[in-house]
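Read the structure below first, then the notes.
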Amino acid sequence: AALRRTDVILEVGPGTGNLTVKMLEKVKKVIACEIDPRLVGELQKRVQGTCLANKLEIKVGDVLKTDLPFFDACVANLPYQISSPFVFKLLLHRPFFRCAILMFQREFALRLVAKPGTKLYCRLSINTQLLARVDHLMKVGKNNFRPPPKVESSVVRIEPKNPPPPINFREWDGLVRIAFVRKNKTLSAAFK
């Protein structure tokens with residue numbers, strides 16, 4: 001993430017704060033969005049009475065239902081079930097942020113970076129790559145988690161294109177949705 005002392009970081013799903021504490025030591029502020037009040041309590045307890053406490057702002061609630069604050073970078077180990085809606089919420093967020101370093105389920109991450117003509121290339125690939133540069137940074141095996149999940153993970157870097165392409169994204173996404181609605185149909189059949 002190339003964190004800087006002046007950065008405001010958005011973290012989604014901080015859990016008990018392992019990553020949060022590491023970032024608080026390096027940046028101006030971390031805004032942590034957490035939906036689970038029990039985890040919020042754990043996170044508050046962890047920094048309470050330390051010099052890091054005044055650098056942490058916790059927003060309690062569903063990140064998909066709230067307006068995102070200003071931030072320089074987003075660093076998160078996301079709950080995997082919100083991967084797709086969160087990526088698009090991020091990419092349509094203004095003002096622009098520098099980058100997002102996000103951990104996803106491996107298959108989702110590979111679809112984000114898929115190239116045209118490959119099996120994994122889909123609506124998600126097209127729309128993400130239209131609005132941002134996406135790079136696969138590393139694989140994260142199941143054994144790095146306690147307890148180990150059933151799926152493999154990957155870390156991805158997303159850098160929004162600034163300025164964005166001069167298109168109406170809603171119209172564009174509607175067109176792409178029609179094109180990808182049924183894999184084996186031709187485009188002419190889909191538009192009829």
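In case you wondered, yes, glycine gets a Cβ from its N, Cα and C as well.
As recorded in TrEMBL:
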DOMAIN    1-162  domain 'Ribosomal RNA adenine methylase transferase N-terminal'
BINDING   GLY13, GLU34, ASP62, ASN77  S-adenosyl-L-methionine binding site
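The local packing around GLU34 (S-adenosyl-L-methionine binding site), expressed as other Cβ atoms within 10 Å of its Cβ over all shown chains, amounts to 24. The Cβ of ASP62 (S-adenosyl-L-methionine binding site) has ILE35 as same-chain neighbours under 8 Å, each 6 or more residues away in sequence. Sequence-distant contacts (6 or more apart, same chain, Cβ under 8 Å) of GLY13 (S-adenosyl-L-methionine binding site) comprise CYS33, GLU34, ILE35, ALA76, ASN77, LEU78, PRO79. Put simply, the two farthest-apart Cα atoms among GLY13, GLU34, ASP62, ASN77, the recorded binders of S-adenosyl-L-methionine, are 15 Å from each other.
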